[in-house]
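Visitor: I'd like to ask some things about the structure below.
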Amino acid sequence: MNTVRVTFLLVFVLVVSLGQADKDENRMEMQEKTEQGKSYLDFAENLLLQKLEELEAKLLEEDSEESRNSRQKRRIGEGVPCDENDPRCCPRLVCLKPTLHGIWYKSYYCYKK
């Protein structure tokens, strides 16, 4: 009976000591995986930040191009009604009172000089 108790006690001590070693190893593995995950997340975050900065630069470039060309788009073409006090006709056009077809509308139109 004593040998059985001693055997069980020995097996119990071995299981407990090996089990604790496994817990420590598991804990260390989990810490390594967490650190790797953090480094991966940092890398992904930096990559996403670079892509967003590139996209923002492209959008700002397009906006600046639009503002550069916006003056030409706001000008009025030939045969379009204009305001006599604030003519916005193209540079080669003049805001004049129409001679025939626009008399009925009582409006000014952009004509060639």
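Glycine residues also receive a Cβ, built from the backbone N, Cα and C atoms like all the rest.
Just so it is clear, the model here is predicted, and its values are computed rather than measured.
Just lifted these from Swiss-Prot, have a look:
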type: DISULFID; residues: Cys82-Cys95; note: disulfide bond
type: DISULFID; residues: Cys89-Cys110; note: disulfide bond
type: REGION; residues: 61-83; note: region 'Disordered'
type: SIGNAL; residues: 1-21; note: signal peptide
Visitor: Around Cys110 (disulfide bond), how many other C-beta atoms are within 10 angstroms of its C-beta?
Guide: 21
Visitor: So how many other Cβ atoms are close to Cys89 (disulfide bond), meaning within 10 Å of its Cβ?
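Guide: Looking across every protein chain shown, the total is 21.
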